[in-house]
Amino acid sequence: MALRLLTSRARVLCSLFHSLHSPCSLLRPCSFSLLTPLNANQPLPDLVNEISRILSDHRNPHHDLELSLTTYSSKISADLVEQVLKRCKNLGFPAHRFFLWAKRIPGFEHSAESYHILVDILGASKQFAILWDFLIEMRESRDCNISPQMFWLVFRAYSRANLPGDAIRSFDRMVEFGLKPTVNDLDQLLYVLCKRKHVKPAQQLFDRVKREFDPKAKTYSILVRGWGDIGELESAWKVFDEMREKQSTVDVLAYNCLLEALCEGRRVSEAYRMFKEMSSNGIEPDACSYSIFIRAYCEANDIRSAFRLLDEMRRCDLMPNVFTFNCIIKKLCKNDKVEEAYQLLNEVIERGGNPDTWSYNAILAYHCEHSEVNRATRLISRMVKDNCLPDRHSYNMLLKLLIRVGRFDRATEVWESMRERGFYPSVSTYSVMVHGLSKKKNKLEEACKYFEMMIDEGIPPYSSTVEMLRNRLMGLGLLDNIEILAGKMERSTSCSIQELANAMRGSKVHWRSRNEETESESD
């Protein structure tokens with residue numbers, strides 16, 4: 001098995017993927033400047049790729065990022081900065097350094113959008129000290145107006161970091177930045193807190209400030225939904241009753257929140273009685289009201305009741321949202337009623353709805369589980385025709401099927417068609433190929449080819465993939481090939497790949513480049 005010869009072949013194939021657009025959270029690419037000469041006519045996507053890779057490879061505060069960026073000074077534009085920042089949303093510290101470096105270029109000005117993006121990046125990266133310094137600098141320099149939306153990003157970042165107290169303190173600090181909090185700001189904070197299950201501190205905040213604001217039905221509804229999501233139905237009822245006492249009218253949104261809380265608490269009968277009484281209270285159920293029960297019936301595997309409500313919605317000329325349709329489609333497929341799932345999918349389109357990838361993926365999963373190769377590939381083609389491009393899950397399922405049944409020719413065709421359809425493989429899709437081919441007789445060489453392509457793309461493999469491939473090669477006594485792959489990994493400009501080179505040689509690795517449980521190679 002001539003892996004050295006495969007390397008050159010892999011580089012040729014690798015060139016197909018040099019215009020990667022995958023989110024930076026999935027990629028830690030190597031420096032393009034080592035592969036492609038920079039020229040004045042280079043398109044924007046290539047510049048975005050190159051600069052993004054430089055940021056990825058200069059994460060350490062001691063790295064001289066500014067020196068590496070000097071070559072690009074004359075090519076920096078506000079649009080380019082925006083694109084790079086969007087691409088590097090998981091690189092808080094280097095993204096901030098890049099922003100400051102660009103700001104120092106004579107004659108350059110950041111767009112307002114770039115300020116918003118960087119606030120989001122710093123928050124998502126939990127760089128809260130830098131984030132507040134950045135906001136204070138904005139306030140002092142007045143280079144960009146600080147908007148309430150920026151604070152909404154801060155609220156969300158603290159909530160995601162499970163720091164509800166800091167999120168609430170951020171709300172209280174808005175006045176320091178010339179912003180008087182409104183009920184809309186309060187709603188945003190309550191929403192992100194409740195979404196992350198921080199309902200008790202959200203309720204405490206509301207009780208503290210509700211006299212200073214004029215809470216609307218929406219404000220109460222957020223709390224009703226929050227209590228329902230954590231199964232505290234009595235608290236949800238208490239907020240709902242307070243809303244009915246304080247508000248002259250209770251809208252359909254508030255009712256829907258309580259209906260959903262009751263259904264999630266397995267009190268569907270009670271919720272349905274309330275649903276039937278809505279009209280007598282002057283509230284007409286909307287599509288969301290019906291959808292709550294359709295989803296509940298699907299979870300209970302009561303397809304008959306779900307279709308009964310769907311028929312009632314048709315008579316009322318109400319259109320379910322795509323999430324509701326997806327619940328029914330998924331349940332039909334699980335009950336081996338795939339033809340009915342297709343009929344429902346067609347109905348969605350005929351009624352002017354827009355199925356999403358989950359709609360198709362539910363049916364695709366059925367075909368893959370039943371090894372229906374032709375129907376699976378036809379469905380992928382239909383997705384493209386219906387302007388709903390296959391995603392990572394779509395391709396991973398199909399490739400895994402094709403490899404499992406030995407249709408390697410079709411797998412190669414699908415792989416080569418992905419870029420034409422605007423899909424660029426991430427670590428999980430490469431892992432499907434490497435893991436699948438490694439298990440097949442006489443296909444270890446092909447598995448190594450895809451592994452090399454992944455390294456050439458600067459995509460750090462899962463540590464489990466490295467270990468699996470090493471064990472397969474060692475089992476066949478191909479120690480030289482292990483060293484070739486390890487050497488290639490060491491020469492990568494990606495620090496993450498370099499660190500995995502030792503794992504290829506057999507050393508233990510005590511970290512993972514990604515959460516391999518949530519984004520596994522068996523997607």
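Glycine too: its Cβ is placed from the backbone N, Cα and C atoms.
TrEMBL: automatically predicted annotations, no manual curation.
Annotated features, as they stand in TrEMBL:
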| type | residues | note |
| --- | --- | --- |
| REPEAT | 147-181 | repeat 'PPR' |
| REPEAT | 216-250 | repeat 'PPR' |
| REPEAT | 251-285 | repeat 'PPR' |
| REPEAT | 286-320 | repeat 'PPR' |
| REPEAT | 321-355 | repeat 'PPR' |
| REPEAT | 356-390 | repeat 'PPR' |
| REPEAT | 391-425 | repeat 'PPR' |
| REPEAT | 426-461 | repeat 'PPR' |
Provide the three-state DSSP residue tally for the repeat 'PPR' (147-181): helix first, then strand, then coil.
27 helix, 0 strand, 8 coil
Contact set, same chain, for the repeat 'PPR' (147-181): CB under 8 Å, 6 or more residues outside the stretch:
115-116, 119-120, 122-124, 126, 128, 131, 135, 139, 188-189, 192-193, 195-196, 198, 201-202, 205
Tell me the residue counts in helix, strand and coil for the repeat 'PPR' (251-285), as DSSP assigns them.
26 helix, 0 strand, 9 coil
Overall pLDDT of the repeat 'PPR' (356-390), taken as the mean:
95
Other than its close neighbours in sequence, what residues sit by the repeat 'PPR' (216-250), given a CB gap under 8 Å and a spacing of at least six beyond its ends?
183, 186-187, 190-191, 193-195, 197, 199, 202-203, 206, 256-258, 260-262, 264-265, 267, 283
Taking DSSP states H, G and I as helix and E and B as strand, how many residues of the repeat 'PPR' (426-461) are helix, strand and coil?
25 helix, 0 strand, 11 coil
